[in-house]
Amino acid sequence: MSGDKTERTFIMIKPDAVQRGLVGKIICRFEEKGFKLVAMKQKIGSKELFAKHYESLKKLKFYDGLVAYMATSPVVAMVWEGLGVVKTGRLMLGETDPAKSLPGTIRGDYCIEIGRNICHGSDSVASANDEIALWFDDSELCHWTPSNSAWIYE
């Protein structure tokens, strides 16, 4: 694998997707693409945790509602690893507004409204690193090599 270009991203399955039973379908998309899951946990986060997570959106009018909503039910926090996983992961999720997401994307296939857009994905390697550090301790990240790596990467 092109190790120097391998990166990690943070993907969070939001309360609406957890409640609708879409966790397996979303994980399956990333596994079938060939990305490696290196950490995962389900938890009900505090408003304080979500306030930190969405700090960059603090000045937007929907911020308070988003933070409150995210703390209402479990989320599934994950770290995925692979070549170009940040950009490709965002493409797989689709547009933030599901109405603008193409069929075949996760949001295009599974959601309708922006306030219930089922997933969060890091928008850059830098934000991925920050989000991973917020949600996971280093000891929770699994360092392993899948047996199918040679069939995915040259």
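Keep in mind that glycine also has a Cβ here, set from the backbone N, Cα and C atoms.
Regional average pLDDT for the domain 'Nucleoside diphosphate kinase-like' (6-143) in the model is 98. As annotated by TrEMBL, domain 'Nucleoside diphosphate kinase-like' applies to 6-143.
Sequence annotations record features per position, and here TrEMBL assigns ATP binding site to LYS14, PHE62, ARG90, THR96, ARG107, ASN117. Other Cβ atoms within 10 Å of the Cβ of THR96 (ATP binding site) number 15 in total over all chains.
DSSP classifies HIS120 (active site, pros-phosphohistidine intermediate) as strand under the three-state reduction. Among the features that TrEMBL reports, active site, pros-phosphohistidine intermediate is placed at HIS120.
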*With DSSP as the reference, give the number of residues of the domain 'Nucleoside diphosphate kinase-like' (6-143) in helix, strand and coil.*
68 helix, 30 strand, 40 coil
*In Å, rounded, how far does the Cα of PHE62 (ATP binding site) sit from the Cα of HIS120 (active site, pros-phosphohistidine intermediate)?*
16
*Provide, as an integer number of angstrom, the distance between the C-alpha atoms of ARG107 (ATP binding site) and HIS120 (active site, pros-phosphohistidine intermediate).*
10
*Please report the number of other Cβ atoms within 10 Å of the Cβ of ARG107 (ATP binding site).*
23
*Can you tell which of the recorded positions (LYS14, PHE62, ARG90, ASN117, HIS120) has the fewest other C-beta atoms within 10 angstroms of its C-beta?*
PHE62
_If you pair up every Cα among LYS14, PHE62, ARG90, THR96, ARG107, ASN117, the residues annotated as binding ATP, what's the maximum separation in angstrom, rounded to an integer?_
21
